[in-house]
Ligand SMILES: O=C1C[C@@](O)(C(=O)O)C[C@@H](O)[C@@H]1O
């Protein structure tokens, strides 16, 4: 498997990497949140720009992104605009989604960009190409807040995203019972042992799925999301507690 190297952070080797989201609505609060989150020692920071009040205005996004870059300094940054269809707050046309992502990629202020596979299908090649030209890694993602698809569907989706040029893939799904959590983990185990050529993230959301965040590295997930000052999805565990659990479950 080809790992992803961002400075000192290697995704796909060692302990699963911990990604902490920033979810505030305005510049001032977001920068305060960032400075708090930084002190919690995340491996990667995610800006969930779909929560940002001025996300529809490209100059505002550019300006705040610059400030985030300066404040984050050498911490790897992941940019995400999560659409409503996939459980986020993002309400944008497909053409604005594309424009926003292109703008952010070309700014070269981030290391990783989240691209939703479903919405970006028609222009995925050009986005991946643009990301590569600008030295940005593509995290191709799929979310299902309603249920957990079958093991085969999860594996097929992971593999299709890899084939679309992703440097890393992610699937987050909602369990209805513990069998669904096991389905997600089993699909990931098969990915890890049989198919994956790139690091991937697999998450079973909600309280039932919390175990998938705690045991990420044991079944193949190369990273997971934890809460910092706020949480961006159901079931996220505060980063400090997650690190303690990682020490118990993943170390010697
Ligand atoms: O896609 C993901 C995963 C996530 O939904 C989670 O379940 O932790 C949290 C989001 O912020 C992130 O973009």
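Note: Cβ is positioned from N, Cα and C throughout, glycine not excepted.
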Which of 69, 82, 159 belongs with 46, 47, 48, 213, 232, 236 in the 3-dehydroquinate site listed by TrEMBL: 82
Sequence-ordered binding-site residues from 47, 232, 236 with Cβ under 6 Å of an atom of ligand 1: 232, 236
Distance from residue 236 (3-dehydroquinate binding site) back to residue 170 (active site, schiff-base intermediate with substrate), taken between C-alpha atoms, in Å: 16
Among the 3-dehydroquinate-binding set 46, 47, 48, 82, 213, 232, 236, as the record gives it, the longest Cα-Cα distance in Å: 20
Between residue 236 (3-dehydroquinate binding site) and residue 143 (active site, proton donor/acceptor), the C-alpha gap once rounded to whole angstrom: 15
Distance from residue 143 (active site, proton donor/acceptor) back to residue 213 (3-dehydroquinate binding site), taken between C-alpha atoms, in Å: 15
